[in-house]
Amino acid sequence: MLQLIIRRVVVAIPTLIIVSMLIFGLQRMLPGDPILTMTAEESNPEVVAFLREKYRLDDPMPVQYLAWIGNVLRGDFGSSIRTGLPVTEMILQKLPITVQLATMAMIMAMLIGIPAGIIAAVRKNTATDYVANTVALSGMSIPNFWLGIMLIMVVAVQWKLLPASGYVPLTQDAWLSIRSMLMPAFVLSTAVAAYLMRHTRSAMLGVLNSDYIRTARAKGLLSKTVILKHALGNALMPIVTLSTLLFGDLLAGAVLTEQIFVIPGFGKLIVDAVFTRDYAVVQGVVLFTAIGFIFMNLVADMLYILINPRLRHPQ
Amino acid sequence: MTQMAQGAAGTTAAQPIAKRKGFRGLAKLARNRGALVGAGIVILFALLAIFAPLLATHDPFATAFTSIRKPPSAEFWLGTDEIGRDIYSRLLYGARASLMAGVVSVAIALAIGVPLGLISGYFGGLVDGAISRVIEALLAIPSLILAIALAATLGPSLVNAMLAIGIAATPIFVRLTRGQVLAVKTEDYVEGAHAIGLPHGLIILRYILPNILPPVVVQATITVATAIIAEASLSFLGLGQQPPNPSWGSMLNTAKNFMTQAPWMSIFPGGAIFLVVLGFNLFGDGLRDALDPRDS
């Protein structure tokens, strides 16, 4: 098992290197002098000279890349031209907010999607199944920023049930923090809930048609026991890995959700950075997301190995 | 000589089967209620976009300070916006931006992705390794974030948004095409084509491409749905269609500031995005069911 895990980690390394090259290339695609875009109008000759030296801009491209990646590996993504703060610090500050949002969204998506998928599979081709499928397809089609606006209009403004926007840190007031995140998390969860429902349904259908389920039923076991104990265990395996992978989608979706609900997270950071042409921040955020995604991929692989006994003991 | 005969026999036998399957798929598609509803929605919006100049009741750019944020009425069917423009007319013209963005960006993704996937899958080896690594790297960046970064680099405009979305959607097509090519490559009719000494280009275009198209078409349909949402998202963030040109996403961006005073400003553009995307998703689902070889 350890061997399998090590192999997966080794395979991820070239991917990471290429991601970093792409992101480096993206920045160098920008018209004009990268230092001028980094320092904006304020071009103190000393600062410019220092940065030219730091990023080795007078050297050939490969040397420049190595200088940049060397800094990145030391955790130095450069500093923001807007706030002057190191990009790493800004990201680490915003990350917990988005992670809270994404985690709540993932929990909601699982609580909605998986049971709905099981019910739809058990009641295949009935009205329940059609309704579940239609709701899932709608969940995939609804733009989440629009759903956010609609919910604020109804739930916050009309019914006054939940706060319309804003963010309260978990450490400051846990209950209020969760309450103010309920709506954004639900909005963010819809697409993932829909995917989970559809995948759970098809995985369950596949398992329910298999021989061992027929045997279990033939033994006279209760239908509930067969579905929950025998079928679900096997059907859930791909769902667990899928959920891990969908975390990346949640991060991307958070960009718009945070914009609507005015949550000062990771997503808002990249949008603000784009508009202030704060390229070091954009670059840092994109690279950070990619690293996060590759890491989640590894986690998914490992989970799959852990829960799948057939892979646990390779010959 | 015998090899040649075998190759030829292989291809002639394979083609009618493919055709018959196609017809059966079409019949299945016509019986799928969801797919028909989806196609209906898409066609309706396409017609609205094409005939926008005829159907519009007002000039989509004309502002009027006497009719600011008016609720829906006989004169303004879907109300007016914050500077008195008719929302219904802007919605019609906005459909052009949305549908065009959906179709053009998927066309870009197909134009880059399918050839790369064909080359990668067919030739294998070093070329495949290089292409696959880059694709894996691109897949590691969530496509909306990649599109935002690209659109920001290229500069905000509808054309750049389409380019950014197209590039961000390319990896899926490379990966899908490659996988399909690997599956088809070992079929007898492809080996037969090799045996009679046909050039690679011809084998790829005549024997492989037609056989891998069904899943690519399904993916393309569903990606149009994603691309429309992506364009609306970029426009919502101000990275797509630039004002005063109408786009559903940018309409929603201003509408969110008037949620309580003028809810119609957000209800209709968002509803339009939702319906079109649902249409493409329904149609794509139906196509998948109809073309899925596992079903037959």
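Glycine is no exception: its Cβ is also placed from the backbone N, Cα and C atoms.
All annotation found in TrEMBL is predicted automatically rather than curated by experts.
Counting residues 6+ beyond its ends, the transmembrane segment (A:9-30) has Cβ neighbours under 8 Å at 37, 61, 64-65, 68-69, 72, 279, 283, 286-287, 290-291, 294, 297-298 in the same chain. The feature transmembrane segment is assigned by TrEMBL to A:9-30 (among others).
Under the heading domain 'ABC transmembrane type-1', TrEMBL lists A:95-304.
Taken from TrEMBL, the feature transmembrane segment covers A:97-122 (among others).
Positions annotated as transmembrane segment by TrEMBL: A:134-156 (among others). Same-chain neighbours of the transmembrane segment (A:134-156): 113, 116, 162-165, 183-184, 186-188, 190-191, 193-195, 197-198, 253, 256-257, 259-261, counting only residues six or more beyond its ends whose CB sits under 8 Å from a CB of the stretch.
Residues or ranges marked as transmembrane segment by TrEMBL: A:176-196 (among others). Long-range neighbours of the transmembrane segment (A:176-196) within the same chain, counting only residues 6 or more positions beyond its ends whose Cβ lies under 8 Å from a Cβ of the stretch, are 100-102, 104-106, 108-110, 112-114, 116-117, 135-140, 142, 144, 147-148, 151-152, 155-156, 162-163, 165-170, 239, 242-243, 246, 249-250, 253-254, 257-258, 260-261, 263.
Outside the transmembrane segment (A:281-307), and at least 6 residues removed from its termini, the chain residues within Cβ reach (under 8 Å) are 1, 4-5, 8-9, 12, 15-16, 19-20, 23, 26-27, 72, 77-78, 80, 82, 87-88, 90-91, 237, 240-241, 244-245, 247-248, 251-252, 266, 269-270, 273-274. Annotated transmembrane segment per TrEMBL: A:281-307 (among others), in sequence order.
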Intrachain residues whose Cβ lies under 8 Å of the transmembrane segment (A:97-122), provided they are six or more past its termini: 128-129, 132-133, 135-136, 167, 169-170, 177-178, 181-182, 184-186, 188-190, 192-205, 208, 227, 232, 236, 239, 243, 246-247, 250-251, 253-254, 257-258, 263-267
